[in-house]
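Q: Below you'll find the structure I mean.
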Ligand SMILES: Nc1ncnc2c1ncn2[C@@H]1O[C@H](COP(=O)(O)OP(=O)(O)OP(=O)(O)O)[C@@H](O)[C@H]1O
Ligand SMILES: O=c1ccn([C@@H]2O[C@H](COP(=O)(O)O)[C@@H](O)[C@H]2O)c(=O)[nH]1
(Lines of atoms letter the chains of each structure in order from A; the text may use other names.)
(Lines give C-alpha, C1' and ligand atoms only; values in the text may rest on other atoms or scores of the structure.)
(Ligands and ions follow the chains in the order given, each with its own letter.)
Protein backbone atom coordinates (compact mmCIF):
# COMPACT_ATOMS: atom_id res chain seq x y z
CA UNK A 1 0.00 0.00 0.00
CA UNK A 2 1.34 3.42 -0.98
CA UNK A 3 0.60 5.93 1.81
CA UNK A 4 -1.14 9.14 0.77
CA UNK A 5 1.02 11.22 3.12
CA UNK A 6 4.80 11.13 3.58
CA UNK A 7 5.09 13.25 6.75
CA UNK A 8 2.27 13.79 9.24
CA UNK A 9 1.78 15.51 12.55
CA UNK A 10 -0.49 13.44 14.76
CA UNK A 11 -2.21 15.31 17.60
CA UNK A 12 -3.48 12.96 20.30
CA UNK A 13 -5.99 14.04 22.89
CA UNK A 14 -4.66 13.98 26.43
CA UNK A 15 -8.13 13.14 27.72
CA UNK A 16 -8.29 10.01 25.55
CA UNK A 17 -5.16 8.67 27.25
CA UNK A 18 -7.08 8.17 30.49
CA UNK A 19 -9.39 5.58 28.86
CA UNK A 20 -12.12 4.60 31.32
CA UNK A 21 -10.36 6.32 34.22
CA UNK A 22 -11.28 9.80 35.39
CA UNK A 23 -7.65 11.01 35.57
CA UNK A 24 -4.17 10.07 34.40
CA UNK A 25 -3.06 7.34 32.05
CA UNK A 26 -4.48 4.01 30.95
CA UNK A 27 -1.69 1.61 29.85
CA UNK A 28 -4.13 -0.15 27.49
CA UNK A 29 -4.77 3.09 25.57
CA UNK A 30 -1.05 3.92 25.44
CA UNK A 31 -0.24 0.49 24.07
CA UNK A 32 -3.06 0.56 21.54
CA UNK A 33 -2.05 4.03 20.24
CA UNK A 34 1.58 2.89 19.99
CA UNK A 35 0.50 -0.12 17.90
CA UNK A 36 -1.59 2.08 15.61
CA UNK A 37 1.37 4.43 15.10
CA UNK A 38 3.72 1.52 14.40
CA UNK A 39 1.40 0.39 11.60
CA UNK A 40 2.03 3.61 9.73
CA UNK A 41 5.73 4.06 10.52
CA UNK A 42 6.23 0.54 9.11
CA UNK A 43 4.98 1.91 5.79
CA UNK A 44 7.67 4.59 5.87
CA UNK A 45 5.38 7.42 6.98
CA UNK A 46 7.28 10.04 9.02
CA UNK A 47 5.36 10.74 12.22
CA UNK A 48 5.64 13.70 14.56
CA UNK A 49 3.47 13.62 17.65
CA UNK A 50 1.91 16.24 19.92
CA UNK A 51 -0.03 15.01 22.95
CA UNK A 52 -2.54 17.10 24.91
CA UNK A 53 -2.54 17.38 28.68
CA UNK A 54 -6.23 17.46 29.61
CA UNK A 55 -6.06 14.09 31.42
CA UNK A 56 -3.74 15.70 33.99
CA UNK A 57 -4.05 19.48 34.01
CA UNK A 58 -5.44 22.41 32.09
CA UNK A 59 -4.44 25.90 33.12
CA UNK A 60 -7.61 27.69 32.11
CA UNK A 61 -9.72 27.58 35.28
CA UNK A 62 -8.18 30.38 37.35
CA UNK A 63 -11.49 31.11 39.07
CA UNK A 64 -11.89 27.46 40.15
CA UNK A 65 -8.31 26.69 41.18
CA UNK A 66 -7.12 30.06 42.42
CA UNK A 67 -3.96 29.48 40.36
CA UNK A 68 -3.02 32.38 38.10
CA UNK A 69 -3.72 31.57 34.43
CA UNK A 70 -0.15 31.79 33.13
CA UNK A 71 1.16 29.74 36.07
CA UNK A 72 -1.51 27.10 35.47
CA UNK A 73 -0.68 27.03 31.78
CA UNK A 74 2.93 26.14 32.59
CA UNK A 75 1.56 23.32 34.77
CA UNK A 76 -0.51 22.21 31.76
CA UNK A 77 2.61 22.21 29.59
CA UNK A 78 4.36 20.00 32.15
CA UNK A 79 1.37 17.63 31.93
CA UNK A 80 2.01 17.26 28.19
CA UNK A 81 5.59 16.22 28.99
CA UNK A 82 4.32 13.45 31.25
CA UNK A 83 2.04 12.25 28.45
CA UNK A 84 4.87 12.59 25.91
CA UNK A 85 7.15 10.46 28.06
CA UNK A 86 4.41 7.87 28.49
CA UNK A 87 3.86 7.68 24.71
CA UNK A 88 7.61 7.48 24.19
CA UNK A 89 7.81 4.48 26.50
CA UNK A 90 4.80 2.78 24.85
CA UNK A 91 6.28 3.31 21.36
CA UNK A 92 9.67 1.97 22.39
CA UNK A 93 7.99 -1.16 23.78
CA UNK A 94 6.72 -1.70 20.23
CA UNK A 95 10.26 -1.29 18.88
CA UNK A 96 9.62 2.17 17.40
CA UNK A 97 12.57 4.59 17.64
CA UNK A 98 11.63 7.92 19.20
CA UNK A 99 12.96 11.28 20.29
CA UNK A 100 11.22 13.59 22.74
CA UNK A 101 11.79 17.32 22.24
CA UNK A 102 10.57 19.90 24.71
CA UNK A 103 9.65 23.54 24.12
CA UNK A 104 10.77 24.20 27.72
CA UNK A 105 14.34 23.18 28.57
CA UNK A 106 14.41 19.89 30.53
CA UNK A 107 17.75 18.46 29.49
CA UNK A 108 17.61 15.45 31.81
CA UNK A 109 14.57 14.04 30.04
CA UNK A 110 14.23 15.60 26.59
CA UNK A 111 16.13 17.31 23.81
CA UNK A 112 15.36 20.99 23.40
CA UNK A 113 13.07 21.75 20.47
CA UNK A 114 15.33 22.32 17.46
CA UNK A 115 13.39 22.38 14.21
CA UNK A 116 16.14 21.17 11.89
CA UNK A 117 17.11 18.41 14.30
CA UNK A 118 13.50 17.27 14.51
CA UNK A 119 13.34 17.07 10.73
CA UNK A 120 16.54 15.03 10.63
CA UNK A 121 15.10 12.57 13.18
CA UNK A 122 12.00 12.22 11.02
CA UNK A 123 14.11 11.53 7.93
CA UNK A 124 15.83 8.76 9.89
CA UNK A 125 12.47 7.18 10.68
CA UNK A 126 12.23 8.23 14.33
CA UNK A 127 8.93 9.35 15.78
CA UNK A 128 9.49 12.83 17.18
CA UNK A 129 7.32 13.77 20.13
CA UNK A 130 6.97 17.51 20.70
CA UNK A 131 6.32 18.18 24.39
CA UNK A 132 5.47 21.28 26.43
CA UNK A 133 3.19 22.70 23.74
CA UNK A 134 4.46 25.95 22.23
CA UNK A 135 6.37 26.75 25.43
CA UNK A 136 4.07 29.76 25.95
CA UNK A 137 1.03 30.21 28.17
CA UNK A 138 -2.34 31.20 26.66
CA UNK A 139 -2.00 28.56 23.92
CA UNK A 140 -3.14 24.96 23.55
CA UNK A 141 -1.63 21.78 22.19
CA UNK A 142 -3.89 22.07 19.11
CA UNK A 143 -2.09 25.31 18.31
CA UNK A 144 1.27 23.70 19.18
CA UNK A 145 0.44 20.82 16.83
CA UNK A 146 -0.50 23.19 14.01
CA UNK A 147 2.62 25.31 14.55
CA UNK A 148 4.99 22.34 14.60
CA UNK A 149 3.25 20.76 11.59
CA UNK A 150 3.84 23.93 9.58
CA UNK A 151 7.43 24.28 10.82
CA UNK A 152 8.41 20.72 9.87
CA UNK A 153 6.49 20.94 6.57
CA UNK A 154 4.09 18.12 7.40
CA UNK A 155 1.60 17.23 4.65
CA UNK A 156 -1.33 17.23 7.06
CA UNK A 157 -2.27 17.50 10.73
CA UNK A 158 -4.21 14.48 11.95
CA UNK A 159 -6.29 15.18 15.02
CA UNK A 160 -6.91 11.78 16.59
CA UNK A 161 -9.67 12.15 19.13
CA UNK A 162 -12.64 10.32 20.64
CA UNK A 163 -15.26 11.59 18.18
CA UNK A 164 -15.31 10.48 14.54
CA UNK A 165 -15.14 13.92 12.97
CA UNK A 166 -16.37 17.49 13.12
CA UNK A 167 -20.08 18.01 13.80
CA UNK A 168 -22.43 20.99 13.55
CA UNK A 169 -22.24 21.07 17.38
CA UNK A 170 -20.43 19.12 20.07
CA UNK A 171 -21.81 15.55 19.52
CA UNK A 172 -21.12 14.68 23.16
CA UNK A 173 -23.62 17.38 24.16
CA UNK A 174 -26.04 17.65 21.24
CA UNK A 175 -27.60 14.36 19.99
CA UNK A 176 -28.92 16.17 16.88
CA UNK A 177 -25.46 17.25 15.74
CA UNK A 178 -24.65 16.25 12.16
CA UNK A 179 -21.20 15.23 10.93
CA UNK A 180 -19.35 16.99 8.11
CA UNK A 181 -17.30 14.90 5.68
CA UNK A 182 -15.48 18.01 4.52
CA UNK A 183 -15.58 21.57 5.75
CA UNK A 184 -13.62 24.77 5.13
CA UNK A 185 -11.47 26.59 7.67
CA UNK A 186 -13.73 29.60 7.29
CA UNK A 187 -16.85 27.57 8.17
CA UNK A 188 -15.14 26.16 11.27
CA UNK A 189 -14.21 29.66 12.39
CA UNK A 190 -17.53 31.31 11.45
CA UNK A 191 -19.52 28.57 13.25
CA UNK A 192 -17.15 28.63 16.23
CA UNK A 193 -16.77 24.82 16.11
CA UNK A 194 -14.96 23.91 19.28
CA UNK A 195 -13.21 20.75 18.13
CA UNK A 196 -10.03 22.87 17.87
CA UNK A 197 -9.34 26.36 19.12
CA UNK A 198 -9.63 29.30 16.74
CA UNK A 199 -5.90 30.11 16.88
CA UNK A 200 -5.14 26.61 15.58
CA UNK A 201 -7.73 26.87 12.77
CA UNK A 202 -6.43 30.29 11.75
CA UNK A 203 -2.81 29.13 11.69
CA UNK A 204 -3.73 26.14 9.52
CA UNK A 205 -5.82 28.34 7.20
CA UNK A 206 -3.09 30.95 6.76
CA UNK A 207 -0.57 28.25 5.90
CA UNK A 208 -2.88 26.02 3.89
CA UNK A 209 -2.29 22.99 6.14
CA UNK A 210 -5.08 20.41 5.76
CA UNK A 211 -6.58 19.00 8.97
CA UNK A 212 -8.22 15.59 9.35
CA UNK A 213 -10.23 14.96 12.52
CA UNK A 214 -10.86 11.25 13.14
CA UNK A 215 -11.63 8.69 15.84
CA UNK A 216 -8.29 7.44 17.19
CA UNK A 217 -10.02 4.80 19.32
CA UNK A 218 -11.24 2.79 16.34
CA UNK A 219 -8.61 0.15 15.50
CA UNK A 220 -7.09 0.57 12.04
CA UNK A 221 -8.46 4.09 11.62
CA UNK A 222 -5.07 5.82 11.56
CA UNK A 223 -3.90 3.43 8.83
CA UNK A 224 -7.13 4.10 6.97
CA UNK A 225 -6.53 7.86 7.10
CA UNK A 226 -2.98 7.39 5.83
CA UNK A 227 -4.28 5.23 2.98
CA UNK A 228 -6.55 8.06 1.87
CA UNK A 229 -9.71 6.32 3.15
CA UNK A 230 -12.95 8.18 3.64
CA UNK A 231 -12.50 8.61 7.40
CA UNK A 232 -13.36 11.51 9.70
CA UNK A 233 -13.65 15.12 8.52
CA UNK A 234 -11.24 16.90 6.19
CA UNK A 235 -10.74 20.64 6.70
CA UNK A 236 -9.31 22.63 3.79
CA UNK A 237 -9.70 26.05 2.11
N1 LIG B 1 -18.27 20.72 16.58
C2 LIG B 1 -17.67 19.69 17.19
N3 LIG B 1 -17.48 18.53 16.51
C4 LIG B 1 -16.85 17.50 17.11
N5 LIG B 1 -16.39 17.51 18.39
C6 LIG B 1 -16.57 18.65 19.11
C7 LIG B 1 -17.22 19.80 18.54
N8 LIG B 1 -17.23 20.77 19.49
C9 LIG B 1 -16.63 20.27 20.59
N10 LIG B 1 -16.22 18.99 20.38
C11 LIG B 1 -15.54 18.19 21.40
O12 LIG B 1 -14.14 18.20 21.12
C13 LIG B 1 -13.57 17.02 21.71
C14 LIG B 1 -12.31 16.64 21.03
O15 LIG B 1 -11.27 17.51 21.35
P16 LIG B 1 -9.85 16.99 21.89
O17 LIG B 1 -9.46 15.73 21.23
O18 LIG B 1 -8.91 18.15 21.78
O19 LIG B 1 -10.17 16.63 23.34
P20 LIG B 1 -9.70 17.31 24.60
O21 LIG B 1 -10.53 16.74 25.65
O22 LIG B 1 -9.78 18.79 24.43
O23 LIG B 1 -8.21 16.76 24.73
P24 LIG B 1 -6.86 17.44 25.16
O25 LIG B 1 -6.49 16.79 26.41
O26 LIG B 1 -5.91 17.13 24.06
O27 LIG B 1 -7.06 18.91 25.29
C28 LIG B 1 -14.62 15.96 21.50
O29 LIG B 1 -14.56 15.01 22.52
C30 LIG B 1 -15.93 16.73 21.44
O31 LIG B 1 -16.70 16.52 22.62
O1 LIG C 1 1.33 25.87 24.01
C2 LIG C 1 0.67 25.54 25.02
C3 LIG C 1 0.08 24.27 25.18
C4 LIG C 1 -0.59 23.95 26.33
N5 LIG C 1 -0.69 24.86 27.34
C6 LIG C 1 -1.35 24.51 28.63
O7 LIG C 1 -1.41 23.08 28.77
C8 LIG C 1 -2.77 22.63 28.95
C9 LIG C 1 -2.97 21.29 28.33
O10 LIG C 1 -3.03 21.39 26.92
P11 LIG C 1 -4.38 20.99 26.11
O12 LIG C 1 -4.17 21.50 24.74
O13 LIG C 1 -5.54 21.68 26.80
O14 LIG C 1 -4.49 19.52 26.19
C15 LIG C 1 -3.59 23.76 28.34
O16 LIG C 1 -4.91 23.77 28.87
C17 LIG C 1 -2.79 24.98 28.75
O18 LIG C 1 -3.04 25.27 30.10
C19 LIG C 1 -0.15 26.13 27.19
O20 LIG C 1 -0.26 26.98 28.07
N21 LIG C 1 0.54 26.43 26.04
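Using the three backbone atoms N, Cα and C, a Cβ is placed for every residue, glycine included.
Relevant sequence annotations retrieved from TrEMBL are reproduced here:
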type    : residues                                       : note
BINDING : 11, 12, 13, 14, 54, 58, 161, 167, 170          : ATP binding site
BINDING : 53, 73, 134, 135, 136, 137, 138, 139, 140, 141 : UMP binding site
DOMAIN  : 6-215                                          : domain 'Aspartate/glutamate/uridylate kinase'
Q: Out of the binding-site residues I have (11, 13, 161, 170), which ones have their Cβ sitting under 6 Å from ligand 2?
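A: What lies within reach of ligand 2, judged by Cβ under 6 Å, is none of the binding-site residues.
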Q: Can you tell me the CA-to-CA distance separating residue 53 (UMP binding site) and residue 170 (ATP binding site), as a whole number of Å?
A: 20
Q: Using DSSP with the three-state reduction, classify residue 11 (ATP binding site) as helix, strand or coil.
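A: Assignment for residue 11 (ATP binding site) reads strand.
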Q: Does DSSP put residue 161 (ATP binding site) in a helix, in a strand, or in coil?
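A: Its secondary structure by DSSP: strand.
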Q: Going by C-alpha distance, which of the binding-site residues 134, 136, 138, 140 is nearest to residue 170 (ATP binding site)?
A: 140
Q: I'd like to know the mean pLDDT over the domain 'Aspartate/glutamate/uridylate kinase' (6-215).
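A: Here the predicted model's pLDDT, averaged over the domain 'Aspartate/glutamate/uridylate kinase' (6-215), is 97.
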Q: Quick test of your reading of the structure: among the binding-site residues 11, 13, 134, whose CB sits under 6 A from ligand 1?
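A: Cβ under 6 Å from ligand 1: 13.
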Q: Whose Cβ lies within 8 Å of the mean position of the Cβ atoms of 53, 73, 134, 135, 136, 137, 138, 139, 140, 141, the UMP site, other than those residues?
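A: Result: 59, 76, 77, 133, 143, 144.
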Q: In Å, rounded, how far does the Cα of residue 134 (UMP binding site) sit from the Cα of residue 161 (ATP binding site)?
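A: Residue 134 (UMP binding site) and residue 161 (ATP binding site) have their Cα atoms 20 Å apart.
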Q: Do me a favour and check the Cα-Cα span between residue 138 (UMP binding site) and residue 13 (ATP binding site); whole Å is fine.
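A: Residue 138 (UMP binding site) to residue 13 (ATP binding site), Cα-Cα distance: 18 Å.
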Q: Roughly how many Å lie between the Cα atoms of residue 54 (ATP binding site) and residue 140 (UMP binding site), rounded to a whole value?
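A: With the alpha carbons as reference points, the distance is 10 Å.
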Q: For a quick check of packing: other C-beta atoms within 10 Å of the C-beta of residue 53 (UMP binding site), how many?
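A: The Cβ of residue 53 (UMP binding site) has 28 Cβ neighbours within 10 Å.
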Q: Can you tell me how many other Cβ atoms are located within 10 Å of the Cβ belonging to residue 140 (UMP binding site)?
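A: For residue 140 (UMP binding site), the 10 Å Cβ neighbour count is 23.
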